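Asks: Per Swiss-Prot, site 'Reversibly protonated during proton transport' is recorded for Asp61. The transmembrane segment annotation in Swiss-Prot covers 11-31, 59-79 and rests on sequence analysis.
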Amino acid sequence: MDNVSMDMLYIAVAVMIGLAAIGAAVGIGILGSKFLEGVARQPDLTSLLRTQFFVVMGLVDAIPMIAVGLGLYMLFAVI
């Protein structure tokens, strides 16, 4: 591969990982604010809301992990 295509590959991987990280940070921030809002409204449901919060947070956080895996695969396997 020539230098231009390798440079484009590096940029593509960096953009993929960066956007995934930004998206996860925004998603978890919104999720956390809604969790705190729900606990403030219904303090009796704290344990139920906390369980649902952690399940959904794991799902939101899974997408960037997949993107990092794909980015590293593109980076090291395409060469």
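Each Cβ is built from the backbone N, Cα and C atoms, and glycine gets one as well.
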Asks: For Asp61 (site 'Reversibly protonated during proton transport'), which residues in the same chain are close in space, meaning a Cβ under 8 Å from its Cβ, but six or more apart along the sequence?
Replies: Ala24, Ile28
Asks: Can you check what DSSP calls Asp61 (site 'Reversibly protonated during proton transport'), collapsed to helix, strand or coil?
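Replies: The residue in question, Asp61 (site 'Reversibly protonated during proton transport'), is helix (DSSP, three-state).
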